[in-house]
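Enquirer: Straight from TrEMBL, here's the annotation block:
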DOMAIN    B:25-474  domain 'Amidase'
ACT_SITE  B:LYS79  active site, charge relay system
ACT_SITE  B:SER154  active site, charge relay system
ACT_SITE  B:SER178  active site, acyl-ester intermediate
Amino acid sequence: MAKDALMDYDKALELFEPVLGFEVHVELNTKTKMFSSAPNEFGSAANTNVSPVCLGLPGALPVVNEQAVRYAISLGLALGCSIAPSSRFARKNYFYPDLAKNYQISQYDEPIAFEGSVDVEMPDGRIVTVPIERAHMEEDAGKLTHVGGSTGRIQGAEYSLVDYNRAGVPLVEIVTDIIYGAEADAPELAKAYVATIRDIVTSLGISDAKMERGNLRCDANISLRPRTAAGEPPAPLGTRTETKNVNSLRSVERAIRYEIQRQAAILASGGTIIQETRHWHEDTGRTSAGRPKSDADDYRYFPEPDLLPVEPSVELIEELRAALPEPPAARRRRLKADWGFTDLEFQDVVNGGLLVEITETVAAGATPAAARKWWTGEISRVANVQGVEASALVSPENVAALAGLVDTGTLTDKLARQVLEGVIAGEGTPQEVVDARGLAVVSDDGALIAAIDDALASQPDVLAKIRDGKVQAAGAVIGAVMKAMKGQADAARVRELVLERAQS
Amino acid sequence: MNDIIRMTAADLATHLQSGEISAVDATQAHLDRIEAVDTDVHAFLAVSSDALDTARRIDERRAAGEKLGPLAGVPLAVKDVLVTTDMPSTSGSKILEGYMSPFDATVVRLSREAGLIPIGKTNMDEFAMGSSTEHSAYGPTRNPWDLDRIPGGSGGGSAAAVAAFEAPLALGSDTGGSIRQPAHVTGTVGVKPTYGAVSRYGAIALASSLDQVGPVTRTVLDAGLLHDVIAHHDPHDSTSLKDVWPSMADAARSGARGEGLAGLKVGVVRELTGNGFQAGVQSRFDETVALLTQQGAEVIEVSAPHFEYAVAAYYLILPAEASSNLAKFDSVRFGMRVQPEGGGTVEQVMAATREAGFGPEVKRRIILGTYALSAGYYDAYYGSAQKVRTLIQRDFNTAFEKVDVLVTPSAPTTAFKFGEKLEDPMAMYLNDITTIPANLAGIPGISVPIGLAPEDGLPVGIQVMAPQREDARLYRVGAAIEALLEQQWGHTLISQAPALGGK
């Protein structure tokens, strides 16, 4: 893969205005699929969660999953959308082996939810309102695995395997309007927007929302338009690219930044942007060209004759509206107050995309302060080093357990970091790591006193100083004891005992 | 044995209930008949090897005193468009040769639950595209009245099976006349129920918004009995109606008693008579209308000004839906697979399979439908056709404000000869001019035999149509016509069919 020329980011922003648009696919966590009774489960053996409907067998017919409709309405309402009294499914026709019927059932010109907006909180605390064009229901495709090639892509593969477990999983696709004015914050806005959608669907309980599993997928559309002098009309919109395969919040941000720099370099050198899908590569931090895409793509949409229009009653819509959880912005205000975080502390949490993790960690028994300290501190540091999401490293339950071990004095902070390392390495729960590695604080005073007495005996000058009332001199003895205990001692207790023994 | 095969399903059912005839005997008699005549007729693509076992179990259950459905033990022929677990389901196409479905079509399941015995799968135009069965990938079915002529289509196999006494009852599917036109040319009865009355689950889709499964029989009462078995709400079909239906068999019985004709308002559709209709078809139709008048019916001429666009609209909507419905036949998960020489990409395998697996009429309609749905043409073709559809529905609504039922000849001509229209698709398409409007409007229609055309001695049928959900009205009127004519003739029409195979 040839390396793209990239323009310096600030320079790119000087010359161009980034224009954004997002399509976020949310996999709903219904028990069964969108149009059949096959189970909607992740991780089952290939082609076991299938029915005649999701395999597209002759004679099979789709039936709409009413729970999926309820979820879609709830999501539409949470996005501030109007709910269509009548919406319709259409067939999107194209041949591809992961698409059993060779058409996808999707809502086209009559989506269930339309015209809403979402307030997104930026890293500096500013609220940006992202306009939502529509949210519509559709079915997911199966999964292809290309075998025999070097890249895992279809090019060069010897053969491909199809798994239809995902075929027919209910999706809601949320499409934004064109987003102007993000300017240099475009990458941060993209990340904050997807994080907000994740917060919304999580609080609604309608999706597992795990980006690494593809429960939440973001296609990021971006184009650049040249800036014009004051008083001149704005330039027309530039050609856009659609970046796919963006599987983490961090990637969303990086991919947008990359595309801005890549497109700016091309445009500045007199080139043209090709309208195409681009694949984000997490490992290299680059995008590569995918399928050329044009507005002339002909999917031969027509109304799905096998399904009736979806016509939710006003009562149902109002029932779902009444049951909506508080909006993310309000929720944040409440959580900030509940947790007693400062503005700075809270922004740290939000910017890290860690609201859900901290909420769950607190729910699992940790104090808000401890939860924040672990997630924004050590866990985020390790995540950064490894280039993964913090949430993928450790469960909230384990973080709460770790904090608990510190609270009860079983672990010091330093020991706890070692335990966390073990948990991340997959060695088990914090308690299991403590047991296996023998990392608990030595709380046996007898062992400590023996070590203190040794240390005092070998540093008589220090002992004399302490006895003279210069207690700060105790530091040297404490250090020696901690070293002798290999760090597995509570420094405060050691200090107490040192002062006690020195006087005896 | 001869007696058994010539019985109506209703009579056979009575004898089965009384124990005079066993299900095994009934099944064996029909299997023997198939063996004897189907080499000539070729109504069947597959004959069940389980039928006798199934019949034996029915006999055992009856002997054990179990209460069985009214048709328990009666053999049933099943159009190959309906998927079955015990016989291949090909829809008349090479691309599905040998395909075994893991599930039964809902109508087949209901039939089995009612104790009917599926004895075989009947021939049809490939994917139900055609009016003659000449488009079957497995060779045409012959009309029992004249083996050189077509049995109608697409359900020529079901109609011929019933007409040739190979089965007392058959299931068909009707997208633009595929039940009614074959009934017309074979002297049998065929009913297209109200759209949504019968489940489409397990019917290999041609055009989803038009397809409807229905009965193919020799008498109106038999059709009513089978209709009562299959017309139920099905949660697997979103377009299935939730109505609880009155008994169609009861409606037929009441019609046969002569109830319901006095004061009945009968509409003759001006646009579907006269010009373009074979003389003998028109004269038999006129005589039947006159007979209805004699019985106290009021005959009113009505106009349906948009019917002239029905065939054009139909041949946009049907191919459009079919082009999408048939996309699933791609070799990836089931059915025929053709590897191009030296391997090939999945796209090339799909293309080679579809090239080899589909016949010319199927390809013609896929191309037509793909074109009609294409960006830039959608509004002009598919969009306009849907508007015509609405106008035709309005024509029906207007007509049904004035009349209780509408009548037309079931088809413009009697059975034509093989090859006569094969090279002229338009002529073939126009043979469905009388039946297509009912599909576009979703209303029910029945074809009942009304005699032989004097010029060729071939059967002619009358089509009766009623408003949506008024299927019972068809049975009442259809049975009345049938009873009056048989009284006049002193015999049934089907009894005049020539003997087959010299047996």
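Quick reminder: no glycine exception, Cβ is built from N, Cα and C everywhere.
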Enquirer: Sort out for me which one of B:SER154, B:SER178 has the most neighbouring CB atoms within 10 A, since those are the active-site residues we care about.
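Expert: For the active-site residues B:SER154, B:SER178, the Cβ with the most other Cβ atoms within 10 Å is B:SER178.
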Enquirer: Does DSSP give B:SER178 (active site, acyl-ester intermediate) helix, strand or coil?
Expert: coil
Enquirer: Below 8 Å Cβ to Cβ and six or more residues apart, same chain only. Which residues does that give for B:LYS79 (active site, charge relay system)?
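Expert: Within the chain, B:LYS79 (active site, charge relay system) has Cβ neighbours under 8 Å at B:LYS121, B:THR122, B:MET124, B:GLY155, B:GLY157, B:SER158, B:ALA170, B:LEU171, B:GLY172, B:SER173.
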Enquirer: Would you mind reading off the Cα separation of B:SER154 (active site, charge relay system) from the residue listed as 'active site, acyl-ester intermediate', to the nearest angstrom?
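Expert: Checking the Cα atoms of B:SER154 (active site, charge relay system) and the residue listed as 'active site, acyl-ester intermediate' gives a distance of 5 Å.
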